[in-house]
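*Asks:* Would you mind keeping the following structure in view while I ask a few things?
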Amino acid sequence: MFIRNVKLIKPSPVRFISPIPFSFPISRSIKISSIRYFTNKSTSNFKSTSSSSSLKSTSTSTSTSTSKTTPKTLSKPPPKVKPPIQDNDTTSSGSSSSENSESFMLKSLFKTIWPKNNLNFKIRVIIALSLLVGAKILNVQVPFYFKQIIDTMNIDWTNEVGVFSTVIGSLILAYGGARFGAVLFGELRNAIFASVAQSAIRRVAYNTFVKLLNMDLQFHLSRQTGGLTRAIDRGTKGISYVLSAMVFHIIPITLEISIVCGILTYNYGASFAAMTFVTMLAYSIFTIQTTAWRTKFRRQANNADNQAANVALDSLINYESVKIFNNELYQASKYDKALMKYQQSSVKIATSLAFLNSGQNFIFTSALTAMMYMGCQGVYTGELTVGDLVLINQLVFQLSVPLNFLGSVYRELKQSLLDMENLFQLQNQPIRIKEIPNAPPLKLNNNNNNNNNNNNNNNNSLPGEIRFENVSFGYHPDRPILNNASFTIPAGQKVAIVGPSGSGKSTILRLIFRFYDINQGRILIDGQDISKVSLESLRKLIGIVPQETPLFNDTILENIRYGRLDASDEEIYRVINQVQLNKLIDDLPDGVQTIVGERGMMISGGEKQRLAMARLLLKRAPITFFDEATSALDTHTEQALLKTIRSVFKQQHQTNVSIAHRLRTIADADKIIVLNKGQVVEEGTHWQLLNEQPNSLYAQLWNIQENLDIEKELLQGDEEEEELTEKLKLDKQELEQEAKLFNSQTFEKK
């Protein structure tokens with residue numbers, strides 16, 4: 001209505017500014033192509049797609065795994081653990097302040113979307129950027145077509161109705177085509193770049209997960225699992241946003257601001273350009289400074305979020321302990337305290353965001369009002385047309401879109417970089433337990449020919465001799481565990497390691513597995529220093545039943561198969577029978593497909609230990625360790641199970657090392673090594689240590705346990721005697737009552 005009532009004062013100033021590239025003035029003024037920015041819909045779709053497909057590690061350690069309904073067969077080869085995905089120019093290990101900087105993270109991230117020797121990725125990135133440029137070219141023409149439509153409507157076409165219809169129709173079609181083309185190119189760009197972005201997220205998450213698996217045990221003992229999984233989760237989401245922001249936000253914003261400033265300067269003079277420049281400068285300075293001030297609130301919220309996740313994970317993992325000690329309210333209060341810190345930080349984030357948005361809107365609205373006033377003055381004086389006024393309005397509003405995104409993108413970019421900070425810190429953690437370059441595999445003596453030597457008493461030809469030479473080690477420099485310890489575990493024999501608590505028994509297992517490196521000395525297996533062989537070959541040849549059986553939240557079948565991933569179902573059922581799990585499994589409704597629960601909490605401790613033994617037997621390792629492996633079993637089951645395992649080990653000539661507190665379980669060992677205060681104080685067989693050294697530490701431990709057992713048996717005998725006496729008393733009372741009843745009945749009959 002407004003346009004119809006406008007009367008042109010001077011027809012001569014009417015100028016048709018043709019869209020690119022049809023008119024020289026415009027084609028000269030606009031030399032940078034840009035793309036229409038994300039609409040709210042496309043932005044949310046892209047972000048949600050990125051977020052939903054991000055890899056979450058938390059599911060690996062904290063979430064409930066999905067049950068598997070069908071067992072694997074031998075026809076499927078075991079999945080091979082791939083090494084971390086490498087770009088040829090990966091960053092060096094180690095953490096430093098420069099590596100943890102934002103520039104380092106962005107540089108590392110760029111390598112994931114532009115990897116060397118990956119032409120497919122590069123082609124996709126180039127196509128996506130080309131579509132970005134094409135969409136920007138179409139998008140910038142939309143306000144020019146709209147201006148020409150308005151100016152055309154203000155010309156008297158009374159005598160040229162046909163020409164008017166043709167011109168207006170062409171401009172309207174061009175307007176609609178340019179707008180639709182810009183949106184279409186933007187969506188195509190999103191679709192093509194999506195695989196690049198998601199692949200980059202997968203690469204970073206995978207490399208981080210593999211890095212965590214390769215970290216030493218001390219690292220994991222000093223970290224909380226909830227914080228690690230939350231760092232990976234937030235970091236992958238941050239990568240998704242940073243990639244979309246850098247490729248589709250920062251570059252288009254820069255192009256769009258440059259184009260609009262150039263158009264205003266060329267067509268409408270320096271005053272409009274100066275106003276635009278001052279607005280951009282004030283807007284950017286305000287946004288950057290305010291966002292830098294708000295960053296500390298986001299960091300506080302992240303720390304509180306990690307703390308809440310750790311409390312929740314600890315409470316759920318130790319669910320039984322919480323219930324046993326009736327401490328639900330205590331755990332809930334701890335969780336609520338962490339949530340309160342997160343709430344306080346989140347409120348600060350929200351209020352500071354409101355301040356930031358208000359300031360940004362004030363700056364932009366002030367600039368828009370001033371520019372509209374200048375444009376109306378130009379229309380009034382006849383220097384500008386109504387179409388020019390509309391063009392200025394649309395260009396400034398078109399500038400408002402990237403300006404609004406500039407604020408939100410900068411805020412989200414800073415937040416995403418904070419979220420990525422912990423993720424990249426994990427990637428740059430130094431690995432303490434390393435192999436030497438080109439480390440050879442561990443090769444055992446006579447490894448392939450040990451089944452035909454039943455009459456050979458020379459154990460040197462058997463595989464699996466372990467020798468400690470002057471080994472010293474401590475978890476902390478001020479608390480040594482092993483002090484110049486030297487001993488030999490002969491190949492093919494059953495050897496027991498005993499001693500008081502804290503003497504270093506379980507530490508020996510960790511050192512043989514190279515979970516830690518020793519401070520001095522050497523550990524040899526068949527004469528080979530374990531620090532100079534590959535970790536994979538070392539751990540492949542060693543099996544263990546630990547004190548606390550680690551089980552996955554999976555089926556019984558898959559937990560046993562974990563000992564050897566290529567094992568067939570028949571082999572698994574055979575070891576199930578050997579460890580006497582078949583009766584239990586037969587009584588379960590789902591059999592071997594029964595889910596054992598988080599950390600195996602749905603089965604008993606003894607059943608978990610037998611499952612761990614089945615896993616060990618399936619692995620068929622030539623060197624085996626038992627760390628209090630039967631502590632949760634009753635005496636009858638323990639003896640039957642140990643008899644079966646001894647038979648298997650004897651047939652296969654396996655080196656068997658047992659760590660035990662209950663000395664009766666290792667009395668038949670070929671050799672017993674006694675530790676005390678980190679040193680080997682005694683060695684020998686059970687009878688040698690008792691008879692030849694009656695005052696030995698082993699003899700003292702044995703006598704203490706035997707006396708306790710005797711006292712226990714006597715107590716049991718006393719209890720049984722008391723029960724028998726009570727029973728006799730009850731029987732006597734019952735007989736007396738029956739006699740009285742009989743006499744009374746007889747008297748009544750008489």
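Along the chain as shown, residues are numbered 1 onward.
Quick reminder: no glycine exception, Cβ is built from N, Cα and C everywhere.
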*Asks:* Looking at Swiss-Prot, which one out of Tyr475, Tyr562 binds ATP in the same site as Gly499, Pro500, Ser501, Gly502, Ser503, Gly504, Lys505, Ser506, Thr507, Ile508, Leu509, Arg510?
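*Replies:* Looking through Tyr475, Tyr562, the residue Swiss-Prot assigns to the ATP site is Tyr475.
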*Asks:* Hey, in Swiss-Prot do Lys211 and Glu383 share a topological domain, i.e. the same side of the membrane?
*Replies:* no
*Asks:* What does DSSP call Arg298 (glutathione binding site) in the simple three-state scheme?
*Replies:* helix
*Asks:* How many of the residues that make up the topological domain 'Mitochondrial intermembrane' (374-388) does DSSP mark as helix, as strand and as coil?
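*Replies:* For that range the per-state counts are 11 helix, 0 strand, 4 coil.
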*Asks:* Find, for the listed binding-site residues Ser358, Gln360, the residue with the lowest Cβ contact count at a 10 Å cut-off, counting only other Cβ atoms.
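*Replies:* Comparing Cβ neighbour counts within 10 Å for the binding-site residues Ser358, Gln360 gives Ser358.
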*Asks:* Around Arg294 (glutathione binding site), which residues of its chain at least 6 apart sit with Cβ under 8 Å of its Cβ?
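*Replies:* For Arg294 (glutathione binding site), the qualifying residues are Ile349, Ser352, Leu353, Leu356, Arg411.
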*Asks:* I'd like to know which of these binding-site residues, Lys296, Arg298, is least surrounded, judged by other CB atoms within 10 A.
*Replies:* Lys296
*Asks:* Going by DSSP, how much of the topological domain 'Mitochondrial matrix' (289-354) is helix, how much is strand and how much is coil, in residues?
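*Replies:* Here the numbers are 62 helix, 0 strand, 4 coil.
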*Asks:* With DSSP assignments reduced to helix, strand and coil, which class does Gln360 (glutathione binding site) get?
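*Replies:* Where Gln360 (glutathione binding site) sits, the three-state DSSP reduction gives helix.
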